[in-house]
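Feature annotations, reproduced from TrEMBL:
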DOMAIN    6-147  domain 'Aspartate/ornithine carbamoyltransferase carbamoyl-P binding'
BINDING   Ser56, Thr57, Arg58, Thr59, Gln83, Arg107, His134, Pro135, Thr136, Gln137, Cys271, Leu272, Arg316  carbamoyl phosphate binding site
DOMAIN    153-326  domain 'Aspartate/ornithine carbamoyltransferase Asp/Orn-binding'
BINDING   Asn166, Asp230, Ser234, Met235  L-ornithine binding site
Amino acid sequence: MDLKGKHFLKMLDFTPEEINGLVDLSLRLKDEKKSGKSQAAYLAGKNIALIFEKTSTRTRCSFEVAAHDMGAHVTYLDPSGSQIGKKESIADTARVLGRMYDGIEYRGFEQEKVEALAKFAGVPVWNGLTNESHPTQMIADMMTIKEHFGKLKGIKFVYMGDARYNMGNSLMVTCAKLGMDFVACTNEKYFPEKWLVEKCEEIAKETGATITLTSDVAAGCKDADVIYTDVWVSMGEPDAVWEERIKELSPYQVNAEAFSYAKPNAKFMHCLPAFHDLNTTIGLQIHDKFGIDCMEVTDEIFESERSIVFDEAENRMHSIKAVMYATLGDVR
Ligand code: CP
Ligand code: NVA
């Protein structure tokens, strides 16, 4: 795997070897951190810009901690703290930041923005989430599956809920690349876009993966190793869609019934944040309006032994470290 100087924008850009290489590097970096080995020389003296046009807990903290551990410095630009888009184009911003920083993380709306940033920056650009994709989350998710199952190839991975947004898209591509059995189990209105499904089917022919789209929960979840979900309304979508989403996606909530069809040791995953109880402002508002006390996953499943969501969240940091080290450092 030689990714030095490359951008990290979407999973379609990477070979199975490169993705597996990043997963294995993440696992190595996690072991090093747990054993107390210093990683401060890996990116010593590098400067990194973190641009967030949407809010974040995991991604921002992962980039910051990963950079600090590896000896790099960060500047955080919050959703209101820069001129981007409002007074200055992406192309101009990229050319300014590229003169000062060695690498740039960008979280925003359209994928074309992060692609434009990469085109003009002259330094590696990492996609910290767009409407269309969430590639750093993929390395953490695959790393977490490998830790729990010892392998990726042949894993039956079921995604329930909104499968046509960043998480569903990226997971389908990643599973296709890694020879996994991907199932989008949801209302057909929320299946990933046709062109992407066709692309993944082509990739699957090479890797031995399978791609299945179904609206039948029993068939979709049958013998699953992993059941995954995400919020039903993503950042940047209007509040007006909540009612429709709740109606259309409630049959695809991850709950005890979904797991009754899965393998006995099946695991629950979620990129987080999750609406599994009433301890959030939005969760409470939805409860008051629609009378439900959880959404994409029940609290019972979220809090169960099956749930590996906090391993997954921790692994965001180790895997983002791997992405930055591989594209900016000299991996040895
Ligand atoms: N999973 C994820 O990207 O979380 P944040 O939005 O908190 O960064
Ligand atoms: N689909 C979610 C993912 C959050 C990590 C969103 O875009 O808000």
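Easy rule for this one: first residue shown is 1, then count along the chain.
Each Cβ is built from the backbone N, Cα and C atoms, and glycine gets one as well.
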Cβ-based isolation winner (fewest other Cβ atoms within 10 Å) among the binding-site residues Ser56, Gln83, Asn166, Ser234: Gln83
Listed in sequence order, residues not in Asn166, Asp230, Ser234, Met235 with Cβ within 8 Å of the centre of the L-ornithine site Cβ atoms: Leu129, Asn131, His134, Asp162, Tyr165, Met167, Val231, Gly236, Glu237
Alpha-carbon spacing, Gln83 (carbamoyl phosphate binding site) to Ser234 (L-ornithine binding site), which is rounded to whole Å: 24
Binding-site residues near Cys271 (carbamoyl phosphate binding site), in sequence order, restricted to Asn166, Asp230, Ser234, Met235 and a 10 Å Cα cut-off: Asp230
Binding-site residues near ligand 2 among Ser56, Arg58, Gln83, Thr136, Arg316 (Cβ under 6 Å): none
Within the predicted model, mean pLDDT of the domain 'Aspartate/ornithine carbamoyltransferase Asp/Orn-binding' (153-326): 98
Count of other CB atoms lying within 10 Å of the CB belonging to Arg58 (carbamoyl phosphate binding site): 22
DSSP helix/strand/coil residue counts for the domain 'Aspartate/ornithine carbamoyltransferase carbamoyl-P binding' (6-147): 69 helix, 22 strand, 51 coil
Those binding-site residues in Gln83, Asp230, Ser234, Met235 whose CB falls under 6 A of ligand 1, listed in sequence order: none
Under 8 Å by Cβ from Arg316 (carbamoyl phosphate binding site), counting only residues of that chain that are 6 or more apart: Arg58, Thr59, Ser62, Thr136, Gln137, Ala140
Nonlocal neighbours by CB distance (under 8 Å) for Met235 (L-ornithine binding site), same chain, sequence gap 6 or more: Lys54, Thr55
Sequence-distant neighbours of Asp230 (L-ornithine binding site) in its chain (C-beta under 8 A, six or more apart): Gly161, Asp162, Tyr165, Met167, Gly168, His270, Cys271, Glu296
Number of Cβ atoms other than its own within 10 Å, given for Cys271 (carbamoyl phosphate binding site): 25
Asn166 (L-ornithine binding site): secondary structure state under DSSP, collapsed to three categories: helix
Between His134 (carbamoyl phosphate binding site) and Asn166 (L-ornithine binding site), the C-alpha gap once rounded to whole angstrom: 6
